[in-house]
Ligand SMILES: NC(=O)C1=CN([C@@H]2O[C@H](COP(=O)(O)OP(=O)(O)OC[C@H]3O[C@@H](n4cnc5c(N)ncnc54)[C@H](OP(=O)(O)O)[C@@H]3O)[C@@H](O)[C@H]2O)[C@@H](O)CC1
Ligand SMILES: Nc1ncnc2c1ncn2[C@@H]1O[C@H](COP(=O)(O)OP(=O)(O)O)[C@@H](O)[C@H]1O
Ligand SMILES: [K+]
């Protein structure tokens, strides 16, 4: 389990350790620089022997200080080094100044200027140590020009230059994963292409930061390696253990640390699919999925099949009477009942229903709103082991576009909203991608969860889940978990059914952890299936994925 820190949290950890006298800032900087060199040489073994050439860009803060350490360490290995500094050496913070001065005993420092950079020989290694966690505002033009990938392209064979970023490629906001935006007065319609030198390898210190995993971070950072710089002061293991309710302050990455094969079921996500021996079907929960009219039932059917594959003891699809025949032609293990309206639904949904899934293919309008209200009022009742979990997706969300507050008046702690960015914008227009400005996706979803009083899952390549009070986690379908083929019609319907199916079971842990598990399993199923996937393949991949979780 990995935490994703903000820049401020990282600074607080570093300062607490320095204040306690365990370590000095200078020692941390030395470890950071050495760690970065070791990570680069491990990634590119051809650089580990012989002398090579590096170009190192240093900034005005401690990120620049790391750059001076790297320059010194590579020089010791016999390398030719060109060091450029953005800013005034006399104004460097103390530790960076010491490392600057140590470096100038061995080499020179040139003010950062892209003509001067172009005049140098082609480097084998390009090191971006301009800004890390301390970036506070957009890059000045002169700097953006120097960092522009165009500078590199002037050398013949520039594709062979290995690009190493210290903490991040400079310009990336490590709290939001956003890249510098153009000034407001620039042509609003012009396509904005940020000047950015993406990295092949980014070395982060102590912990990943949010910006490494959300927004543009994964695209510009390349591989991210975390270097241990010996900050030992706090033990995050207990607090951040996935499978337990989340911490209010720290965001966690949905990434099981216990993935060994086989994976013990008592650990998340195995804990979400494990079943007690000896139960009967009602002991494993009953999911009801509400679906749409004739010709619109595919989405509901996929959600229902997934809920059954997820492990719910039984799943019933409720459909308008005129869609009964169509659904009967498609369904076997999933049970089917006609349900004309919200009144009929109240009669049918007894107290053995443990999860409800509404939205996929239901249609937008007052009928769906009435169903949603009835579902949110459904109580676990006498025979239930706990209150019913309600998953609202797609049309169940859009139906409240005109007045989201009427939805939020009814949503409760066992409700999960699963919008994609478009649906999210309709319910939370001020928090939408277009309007949220410098607010990170994580903070936007946290605010949304507080407003709705329930769990909100905002889908995407970076999926963010938050619950009221601040608990949040991120799943990043990037790097080795990239599944671009999951961008296929109906994948979201499957996710809604998966959450409902897992949440329906009596042994399922805290609902937030169930939602995290569903997101991870959804991606894992796509990953194991591979390209060519269509949404219908996902539920039938689950048994294979589950088999890797069994003890
Ligand atoms: N955490 C740890 O444990 C360890 C951290 N370490 C390293 O320290 C790094 C963090 O250092 P940091 O705090 O000094 O921040 P950094 O990124 O160097 O930038 C600050 C400077 O940039 C300036 N500035 C900002 N934006 C600007 C802009 N757009 N345009 C122009 N200027 C701008 C800003 O100016 P100001 O805002 O103050 O005016 C200030 O001068 C971290 O990423 C890691 O590499 C390791 O050494 C050891 C262990
Ligand atoms: N490029 C991608 N990489 C990884 N996951 C993706 C990608 N695109 C979409 N997804 C995931 O696929 C699902 C799509 O859901 P949604 O947008 O609701 O689709 P639909 O409405 O067609 O069912 C979400 O879980 C989302 O996170
Ligand atoms: K950097």
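The backbone N, Cα and C atoms fix where each Cβ goes, and this holds for glycine too.
Keep in mind that TrEMBL annotations are predicted by a computer and have not been checked by a curator.
It should be emphasised that the depicted structure is a prediction, and the values quoted were computed from it without experimental measurement.
As recorded in TrEMBL:
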type	residues	note
BINDING	62-66, 132-138, 167, 299, 361, 420, 493	(6S)-NADPHX binding site
BINDING	63, 128, 170	K(+) binding site
BINDING	459, 460, 461, 462, 463, 492	AMP binding site
DOMAIN	10-237	domain 'YjeF N-terminal'
DOMAIN	264-549	domain 'YjeF C-terminal'
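The structure, with features from TrEMBL marked on it.
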residue : record                   : Cβ contacts under 8 Å, 6 or more apart
63      : K(+) binding site        : 129, 130, 131, 132, 133, 134, 166, 167, 170
65      : (6S)-NADPHX binding site : 29, 33, 58, 92, 93, 95, 96, 97, 99, 100
136     : (6S)-NADPHX binding site : none
459     : AMP binding site         : 418, 419, 420, 421, 492, 495
460     : AMP binding site         : 420, 421, 441
462     : AMP binding site         : 177, 213, 214, 215, 218, 441, 474, 475, 476, 477, 478
463     : AMP binding site         : 254, 457, 474, 475, 476, 477, 519
| message | Please report the three-state DSSP label of residue 65 ((6S)-NADPHX binding site). | response | helix
| note | Close to ligand 1, in the sense of Cβ under 6 Å, among 167, 420, 459, 460 as binding-site residues, are 167
| query | So which of 65, 128, 492, listed as binding-site residues, have a Cβ under 6 Å from an atom of ligand 3? | reply | 128
| message | Cβ under 6 Å from an atom of ligand 2: which of these binding-site residues qualify? The list is 62, 461, 492. | response | 461, 492
| field | Intrachain C-beta neighbours of residue 128 (K(+) binding site), sequence separation six or more, cut-off 8 angstroms | value | 57, 147, 163, 164, 165, 166, 169, 170, 197, 199
| Listed in sequence order, residues not in 63, 128, 170 with Cβ within 8 Å of the centre of the K(+) site Cβ atoms | 57, 59, 64, 67, 129, 130, 131, 132, 165, 166, 167, 168, 169
| Cβ-centroid neighbours of AMP site 459, 460, 461, 462, 463, 492, 8 Å, sequence order | 420, 458, 464, 475, 477
| Including all protein chains shown, what's the count of other C-beta atoms within 10 A of the C-beta of residue 170 (K(+) binding site)? | 26
| Which whole-number value in Å describes the distance between the Cα atoms of residue 62 ((6S)-NADPHX binding site) and residue 461 (AMP binding site)? | 32
| said: Please report the three-state DSSP label of residue 463 (AMP binding site). | reply: strand
| query | What count of other C-beta atoms do you get within 10 angstroms of the C-beta of residue 167 ((6S)-NADPHX binding site), across all chains shown? | reply | 30
| note | In whole Å, the longest Cα-Cα distance within the recorded AMP binders 459, 460, 461, 462, 463, 492 is 14
| note | Here the mean pLDDT of the domain 'YjeF N-terminal' (10-237) is 91
